[in-house]
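Chemist: Submitted below is the structure of interest, expressed as structure tokens.
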Amino acid sequence: MDEKMSWAVSDAVDFKGFPADRSKTGGWVPAALILGIEICERLSTMGIAVNLVTYLGRTMHLPSTTSANIVTDFMGTSFLLCLLGGFVADSFLGRYKTIAIFTLVQILGTGMLAFSTKLPELRPPPCDYYSTANKKCTPATGFQMGILYLSLYLIALGTGGLKSSVSGFGTDQFDEKDEKEKSQMAFFFNRFFFLISVGTLLAVTVLVYIQDEVGRSWAYGICSVSMLIAVLIFLSGTKRYRFKKSSGSPIVHISQVIVASIKKRKLNLPSTFNLYEDLPEQKRIQHTNQFRCLDKAAIVVEGDYEKIGSSTVLNPWKLCSVTRVEEVKMMTSLLPIWATTIIFWTTYAQMITFSVEQASTMKRSIGSFQIPAGSLTVFFVGAILITLAVNDRMIMPLMKKWRGDQGFTNLQRISLGLILSIAGMAVASVVEVKRLSVASKSVNNTSKDLPISVFLLIPQFFLVGSGEAFMYTGQLDFFITKSPKGMKTMSTGLFLTTLSFGFFISSFLVSVVQKVTGSSDGHGWLTDDINNGRLDLFYALLAVLSFVNFGAYLVCAMWFKSNERQNSALQMSSIISGQGTEADEKC
């Protein structure tokens with residue numbers, strides 16, 4: 001019996017619900033099938049996002065600020081819906097069904113987008129894009145924009161469901177209790193982020209080129225077909241997957257602690273020993289003194305138990321264990337870092353909106369080949385891959401040899417990401433000053449492209465791209481390692497909401513700047529024709545806001561490290577005290 005059970009993974013089952021056989025399920029083969037979904041998701045989402053602003057302006061005849069906000073709202077909603085996808089997976093469907101269903105939703109969205117860009121009835125009459133400043137182009141109607149919005153937000157819904165479950169279901173294929181599979185899981189995370197970058201690279205090169213030179217309907221059709229092939233490959237591996245039972249939605253658990261503590265807010269806190277706990281000693285999280293108001297959720301009072309039939313059952317909305325409360329405390333302590341990393345993704349949003357608009361006005365030809373404006377983000381993706389390679393192959397080995405550690409900590413990587421984003425916005429402002437000076441001297445230029453090379457934009461793409469390499473890996477590491485074990489999915493969703501809010505703040509800033517600096521004659525910082533605007537001042541504003549935010553981040557990071565040291569010391573003291581008590585009892 002022991003030999004038979006050694007082949008089984010203790011906390012996983014196969015597709016029939018039986019204990020998962022280690023030799024027949026899990027490992028790299030099913031994990032690779034799952035990663036195929038992620039490549040196609042990145043291909044679709046980024047292939048649409050990086051070049052959507054030019055379609056909205058040149059084909060749908062929308063103002064540049066409106067176009068930029070549509071793109072950032074689309075991306076922000078995609079990442080925000082990861083919370084919904086995670087909730088559905090944890091509470092109802094499980095990760096496997098969530099991936100399958102939401103992939104079909106994204107296929108439907110990309111298919112609709114392909115048709116909406118193909119049918120002339122769903123676009124306004126064509127005209128000279130460069131005459132839009134003179135109001136000669138008819139903007140898209142409400143019905144035409146409605147079809148476009150429906151397509152985009154179906155894609156956003158699909159993306160939210162996929163991103164919330166793909167990485168988690170991938171890691172489910174490895175057993176953390178097996179040393180060999182545990183090491184394979186670490187490689188899975190590295191390859192997961194690498195494939196995200198590969199999917200993005202294909203999107204900003206091949207897919208953007210097809211959009212501009214062949215047709216958008218063809219490009220979006222390719223996205224739809226590739227997702228269909230990916231989901232068929234994914235479903236083909238059903239018999240090889242390991243399925244792990246969910247312990248329930250972390251959002252519900254957090255809500256229960258908050259509701260219970262609010263109901264008991266007027267009660268006085270008793271000693272720690274009188275707080276409710278229902279887990280065995282080895283599974284408990286030791287009590288800490290931070291956020292003491294939440295401890296009231298663990299106070300036992302009359303009415304916490306309800307009689308159902310002949311048995312008495314605990315009401316989790318009235319009484320929570322100390323461990324459950326401490327899990328919520330741990331998540332709460334992540335919020336200051338969460339809040340101060342949002343601004344990075346606001347600067348990131350400019351790389352797929354206004355920076356693409358800048359590129360569309362500049363000289364982009366190499367011989368007879370015309371580089372699509374959206375493909376300039378290839379330097380952004382290239383910066384990510386180069387930074388990751390340099391960090392893994394040079395910086396980490398040197399730091400290990402010099403200091404004996406494994407490289408930059410997660411908080412240090414986040415710091416580097418914020419610093420590089422500040423530098424990126426400062427450089428972008430200086431480059432835009434140069435571009436505007438050329439534009440002012442080219443009023444009578446008959447060419448649609450300014451006589452200035454698009455490659456001047458490379459530094460801002462490279463700086464922010466390098467910043468993302470540090471920021472993304474630092475945030476992912478921080479939110480996964482510093483969260484309680486039962487809330488890893490929730491913490492990953494919390495990380496992804498920083499991207500979401502970053503895009504939404506970008507939309508908010510654009511709207512505010514447009515309202516404050518805009519005038520009735522069409523002038524301002526952000527105008528429909530960016531050659532007549534002051535995009536350099538907008539970039540400078542983002543650099544200043546990012547610098548102020550970095551100061552706030554340093555304060556929050558020092559508070560978190562100090563708080564973590566205090567809690568570690570307190571828990572160590574509790575463990576030593578507990579050992580002493582056991583020794584006394586044995587004596």
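Backbone N, Cα and C atoms are what each Cβ position is placed from, and that goes for glycine too.
Quick paste from TrEMBL:
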type: TRANSMEM; residues: 70-89; note: transmembrane segment
type: TRANSMEM; residues: 96-115; note: transmembrane segment
type: TRANSMEM; residues: 147-171; note: transmembrane segment
type: TRANSMEM; residues: 192-211; note: transmembrane segment
type: TRANSMEM; residues: 217-235; note: transmembrane segment
type: TRANSMEM; residues: 334-351; note: transmembrane segment
type: TRANSMEM; residues: 371-390; note: transmembrane segment
type: TRANSMEM; residues: 411-431; note: transmembrane segment
type: TRANSMEM; residues: 451-472; note: transmembrane segment
type: TRANSMEM; residues: 493-517; note: transmembrane segment
type: TRANSMEM; residues: 537-560; note: transmembrane segment
Chemist: Could you name the stretch, out of 70-89, 217-235, 411-431, 451-472, 537-560, with the greatest number of CB pairs under 8 A to the transmembrane segment (147-171)?
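Modeler: The stretch I would name here is 70-89.
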Chemist: Which one, 96-115, 192-211, 334-351, 371-390, 451-472, has the most C-beta pairs under 8 Å toward the transmembrane segment (411-431)?
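Modeler: That would be 451-472.
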Chemist: Between the transmembrane segment (96-115) and the transmembrane segment (217-235), are there three or more CB pairs that fall under 8 A, provided the residues in each pair are separated by 6 or more in sequence?
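Modeler: In this chain the transmembrane segment (217-235) contacts the transmembrane segment (96-115) - 3 or more Cβ pairs sit under 8 Å.
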Chemist: If you count every Cβ pair below 8 Å, which range out of 96-115, 334-351, 371-390, 451-472 shares the most with the transmembrane segment (537-560)?
Modeler: 334-351
Chemist: So if I exclude everything within five residues of the ends of the transmembrane segment (451-472), which remaining residues of that chain have a CB under 8 angstroms from its CBs? That is, six or more out.
Modeler: 193, 341, 344, 347-348, 350-351, 355, 358-359, 362-364, 371, 373, 376-377, 379-384, 386-388, 391, 408, 413-414, 416-421, 423-425, 427-428, 431, 434-435, 438, 442, 445
Chemist: Same chain only, please: residues at least 6 beyond the ends of the transmembrane segment (371-390) with a C-beta under 8 Å from a C-beta of the stretch. Say none if there are none.
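Modeler: Contacts with the transmembrane segment (371-390): 50-51, 54, 193-194, 197, 200-201, 204-205, 208-209, 211-213, 351-352, 355-357, 359-360, 364-365, 454, 457-458, 461-466, 468-470, 473.
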Chemist: Let me spell it out: take the transmembrane segment (96-115), skip the flanking residues so only those 6+ beyond its ends count, and list any with a Cβ under 8 Å from a Cβ in it.
Modeler: 34, 37, 41, 44, 48, 85, 88-89, 122, 147-148, 150-162, 164-166, 169, 216-218, 220-221, 223-224, 227-228, 230-231, 234-235, 238, 241, 243
